[in-house]
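Have a look at the structure below, then the notes.
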Amino acid sequence: MLSSLGGPGAERGADRGIRRGADQCRAVRARAVWDNRPIMLQFELLATDPGSHARRGTLTLNHGVVQTPIFMPVGTYGTVKGVMPRSLHEMGAQIILGNTFHLWMRPGLDVMQSFGGLHGFEQWDKPILTDSGGFQVWSLGAMRKITEEGVQFASPVNGDKLFMSPEVSMQIQTVLNSDIVMQLDECTPYETNGHKTTEAEARKSMEMSLRWARRSQDEFRRLENPNALFGIVQGGMFKHLRQESLERLVEMDFPGYAVGGVSVGEPKDEMLDIMAHTPHRLPAHKPRYLMGVGTPEDLVQGVAEGVDMFDCVMPTRNARNGTIFTRHGDLKIRNARHKADHQPLDPTCTCHACAGTEGVAWADGGRGGFSRAYLHHLDRCGEMLGPMLTTVHNLHYYLNLMREVREALDAGRFGEFRQRFAADRARGI
């Protein structure tokens, strides 16, 4: 299932990668000790729903407090595509993601360290979560070779032979100074070249991730990183492996836990099956993160299963491809039916795309913002303003959905909210 890069240069590249990562972390480690900052993660459970596993909480991190459940916009290269940090603030984003692998490739750790980490580089003053790079390395396919020590791979940027290990991942993320650091794990595929992952293969992958979890934890502590490290539950689509992974990670006592290896090509019903099995079995006093999921319906169902944190590229990627999320279902802005449509994307939405930024009403008494006809025109012409506006809308929709979930949990009406949400979405545009 795994392909080798081969050649002695790969091993030498691995050694250089470890040394380079350690060197680039020394200044950050010294500064963290000098600042005398405590390792910061506090999770407070505020409310639970008697009809499900849903819960309401606050997550305190070094760069701020996050209200949960929360959706985290994805900023792969140090930016949420097409959106200014100020706009993220205005739409209610509380925490965003950065991609360890891609930021290591470009601009590199020297540049990142000169800015004091990712916050200063991208001008974002709220919390940041960085993934470990494991999923991106797994996605390289034949360009990488996984061993017990780590992953050898060819850089997708310039072809250089590089090496990622649990230690190197922790070193990179220490330089990034993200509030939440993810352990390096091996993402267990649903299938490879048409071959569905067997139980034995899933177990082997899970065991590797558990050993890497321990190594990640050891290196994180050695670096005296003042932030928080999460462990990642793996095990493929096998519930007993998920349970074993969960229990062994809990023994390591991470500040928070993630469910990984979902939304990797498996059928939707199998993903929902794992989502129903795993999150609520994680420790109740620690935050729970479902990685890479998903649709609005997935988020609401995930909350019901006990998930506190979500991330997904779906709202931003779908926006760039013309799919718009609204309270009453999804809208395809490229469809010809919208060519002369005067309505905003979602008449119930208060985002800049739908309601406008200055509060100026339309001549016919409308509520401001941009029409579907205009956004259809921008999309058909390839104008960059089009995906910028649709991205703002989709992110606003996701963040507002989570705000409504939190309000429903605060009021003890989450069950009613789920019913209303499902009915609204099923109604259609």
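Residue 1 is the first one shown; counting continues down the chain.
Note: Cβ is positioned from N, Cα and C throughout, glycine not excepted.
Using a 10 Å Cβ-Cβ cutoff, ASP131 (active site, proton acceptor) registers 31 neighbours. In the three-state DSSP scheme, ASP131 (active site, proton acceptor) is classed as coil. The active site, proton acceptor feature in TrEMBL is assigned to ASP131.
All protein chains considered, the CB of ASP311 (active site, nucleophile) has 22 other CB atoms within 10 Å. According to TrEMBL, the active site, nucleophile annotation covers ASP311.
CYS349 (Zn(2+) binding site) counts 20 other C-beta atoms within 10 Å of its own C-beta, drawing on all protein chains shown. CYS349 (Zn(2+) binding site) carries neither a helix nor a strand DSSP state and counts as coil. Taken from TrEMBL, the feature Zn(2+) binding site covers CYS349, CYS351, CYS354, HIS393.
What TrEMBL lists as domain 'tRNA-guanine(15) transglycosylase-like' is 53-425.
Taking the centre of the Cβ atoms of CYS349, CYS351, CYS354, HIS393 as the Zn(2+) site, the nearby residues of that chain (Cβ within 8 Å, site residues left out) are PRO344, LEU345, ASP346, THR350, HIS352, ALA353, ALA355, GLY369, VAL392, HIS396, TYR397. Around CYS351 (Zn(2+) binding site), the C-beta neighbours below 8 angstroms that are at least 6 residues distant in the chain are MET91, VAL392, HIS393, HIS396, TYR397.
Each residue contributes its Cα atom, and for ASP311 (active site, nucleophile) and ASP131 (active site, proton acceptor) those atoms are 11 Å apart. Put simply, ASP131 (active site, proton acceptor) is 31 Å from CYS349 (Zn(2+) binding site) when counted between their Cα atoms.
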